[in-house]
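Asks: Sharing a structure here in structure tokens format.
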Amino acid sequence: MDIAAVVDVAAPVLGSGIRLSVPLLFCCLAGLWSERSGIVDIGLEGKMLAAAFASGVAAAQWHSPWAGLAVGILVSVAFALVHGYASISQRGNQVVSGVAINFLAAGLTVLLGQVWYGQGGRTPQLEAPERFLSLEGDFGIGRLLGAGTPQAHLWSDVIAGHNLLVYAAFLAVPLTWVLLWRTSFGLRLRAVGDNPHAVDTAGVSVAGLRYRAVIVCGILCGFAGTYLAVAQSAGFVRDMTAGKGFIALAALVFAKWRPFNAMGACLLFGLLDAAAIRLQGTPLPGIGTVPVQVFQALPYILTVVLLAGFIGRATPPKASGVPYTKDR
Amino acid sequence: MSAPHRELPPIVDYALLPLVNVTVAFLVSGLVVLAIGENPIEAVRIMIAGALGYSEGIGFTLYYATDFVFTGLAVAIAFHAGLFNIGAEGQATIGGLGVALVCLTFDGAPWWLVAPFAIAASALFGAAWAYLPAWAQARRGSHIVITTIMFNYLAATLMVYLLVEVMGKPGAMSPETRMFAEATRLPFLRDFLTPFGIDLGQSPLNPTVFVAMLAAWGVWLLIWRTKFGYELRTVGQNPSAAVYAGIDPGGIVIVVMLISGALSGLLAVNEVMGTQHRLLLEFTAGAGFVGIAVALMGRNHPVGVVLAALLFGMLYQGGAELAFEKPKISRDMIVVIQALVILFAGALEHMFRPTLARIFASAPRDDR
């Protein structure tokens, strides 16, 4: 088998893996921001679902994907603030609050969708100009690599030709790293997730930092939801997140709460998904037909194995999940 | 550490505050109904009439409540040991596998002979599915919340595989096993009650409801009347104190999760052997998650769990009637109510505490 043939098979799978990893990546980074500040968030799924619905409604209403993005982010941040209020101000159980957020989104989206459009929770089908479409062309790099060569093929199928939000997701990775690891704001935010008492002693508001982290988390989940409803699909359908928020949570554990690891984990899980779709019913050489469920189960199995400490050690930020009570 | 909350009279702490929380959850639900242009008071009227107004409705209410008692108890007993078991859904799913294996193996045998084995299998399979997350939490320090979530998805994926590739009935439209023989199915209570003039209509209420009552009593006994119950509450309230008292918290965690998984698994007796008479995908229908709301609302006490399960049974049955009469209020409204109960009775449980403390502090006290 020559390289060109391998590329012919691999390039579409790689490209689709990247596209499938985008909602995971947005959500995973969202969870990273929240948990680094000490707020456990299992409501990523719910916020993403709420944002998907809101963006689908807004994009259809104002005929613009940007309106969809804006409203998707707004709604997701509103849900994030409910979680923040319960976790930070009321010092409630953060896992319980996250569960509530997930159900609130699952119920409200379908309920309102049914009342407004009467299509079983769907939002109206979006036309092309109302969506984030794949960018045309290949940024002129293809010709540089030589037309028809395998590397040009790889470039055009894997790197180029995605929609704007795909690039935004991968841009959010270094941005998160710089903000959290190279600014004093980031230092404080991470400190608040490890040792809030120290930050409080230094005269910085623990609640203020945590609220800011939760808002960033909401914004990123807003991107994730918008990507699902306005870029990947042409509108919202009920339960369209289908557990991606929890896979993102798994990826976060897998990434040991670090942004570039998060990108790697999400790409891995996205590729597994793409491979499962591609390999459906095709026998693998030497193994035979692998049931598609094996690929679907792999992210969960890998995470459980990692959490049990068999491949390295995944230690969450020390104060995550612990409500902060000021000493008197 | 300063005490974050002021002391309240026990009656306020255990009855009034939870009542206020749940009431607020329902008031907000009323606002949602109002927002979609329906009359909340009329909605409540239709729901109560649908759930309790006639004997078939009551039958359905009790049938739903049976599921929720099992999952509510499962979540509650884990809470007592300081664990949050989000995996009831997956444990119940695997419990269904146990029930189906027993019923298909002894297909045709009379139900009263098969039932004890089916009950044991459901509990055993449910417990087995809880074992790995419990072990990982107790011995490897991984977090039970994340692992039980992962195990819910693993259970769902495993079930699709088994029903599509291994156990499924050939040529069936959807992935499901063949029906159990008539004799092996649990009888419907409606067949016993018709001679007494009680018409339960089409409601699938079956003897599992008595198993649920027994389970609630058993959990109460276990938590408050045994040495093990004392130990599990100690671990839940203060793990390091438990260690000083010579208790192995890890061991307690594993056993509590096994019991929790077994209770979740029992749901499958009601659904698979009592109602559906075959194993099919997603027969749990979210009951594992309703258990979270039920446990929080019932303050993790078996009596509270039973009452909360009855209320959610009414919501499910009444909600079905409501969706029929008012198509704008679809059954998803129940999910919204469930979410608001979890939010106000769980995450925001202390929100009204300062207000109540102020009211009761200013009231004249007669205990001096």
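Using N, Cα and C of the backbone, Cβ positions are placed for all residues, glycine too.
The shown structure was predicted, so the numbers you read here are calculated from the model rather than taken from an experiment.
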Asks: If TrEMBL is the reference, give me the range from A:16-34, A:35-53, A:263-281 marked as transmembrane segment.
Replies: A:16-34
Asks: I'm a bit unsure how to read this: which one of A:69-88, A:95-117, A:164-181, A:211-230 has the highest number of Cβ pairs shorter than 8 Å with the transmembrane segment (A:16-34)?
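Replies: Ranked by Cβ pairs under 8 Å, first place goes to A:211-230.
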Asks: Same chain only, please: residues at least 6 beyond the ends of the transmembrane segment (A:95-117) with a C-beta under 8 Å from a C-beta of the stretch. Say none if there are none.
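Replies: The answer is 40-43, 45-47, 49-50, 52-53, 57, 79, 82-83, 86-87, 123-124, 236, 238-239, 245, 321.
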